[in-house]
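What TrEMBL says about this protein:
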type     : residues : note
DOMAIN   : 1-180    : domain 'Josephin'
ACT_SITE : 14       : active site
ACT_SITE : 14       : active site, nucleophile
ACT_SITE : 119      : active site, proton acceptor
ACT_SITE : 119      : active site
ACT_SITE : 134      : active site
REGION   : 258-343  : region 'Disordered'
COMPBIAS : 319-330  : compositional bias 'Polar residues'
């Protein structure tokens, strides 16, 4: 396949690519084809002048642009035909009655030139195989003998004008090589525009993939930041809970300390007063858990008793011995201690 000459499309120079791919070499340049086009324009002008240079037709012809070439690089069938005459080649319209009457099998021909909407390309046999040498393809396309007739019929259905090349084509390297070996094409060439579109699509896909990777990394970073914030808040909650637990324990210890202090004070007062009621409440306080309200009440009662003891007119309970009717002597402290022992 590397031995096959194949010019790729540049601008609108498809006529040049078509001729060079047909002849398998750089035989024509845009300047060569422009010279042929100018020669054809001059020949047409001279024919129009034969009818009179003052005629309306002649003046109209001069005002019209050239029909054989334009600034884009397009060349007419007349330019291509004249260029091939230099090599002793001629064009015959494939679907003309003259050619169809010959009933020639397409695979027995040497080459075809196809045109549609000002685009020219070549189909040529090299060795014993056919190749589509369209300049819009990235490379030569192998066409089987069985597919050639279908391919030409498809082109005709799409509106192409097909011309058969008659005459002896110049010798080329690809012709010599492919006479002794056959080509096997693993992958068919794509259109140049399609190849570029896929390349652009690949670049876009790569850019999109990179953006997605960046976005995924950003999401991972965001998730990491959110996780860090969540852990920080969790630690704060744990610290708050620990502080609250410490506060509750401190309050509980304080209450227990206050209870023990109150119990000690009440015990001392009970011993001083030797009252059975005070002793009973002290012994009962040892076995029950006091609430904050009860603790407050007992503290208030303790302060009240302290104030009463501080007043001089407050009668004090007798702390001396008394005699009952039977003449027996006993003390109040002994009476208070008896129920305390029984308990």
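Numbers here mean position along the shown chain, with the first residue as 1.
Quick reminder: no glycine exception, Cβ is built from N, Cα and C everywhere.
In the predicted model, the domain 'Josephin' (1-180) shows an average pLDDT of 90. Counted within 10 Å of its Cβ, the other Cβ atoms near residue 119 (active site, proton acceptor) come to 18, all protein chains included.
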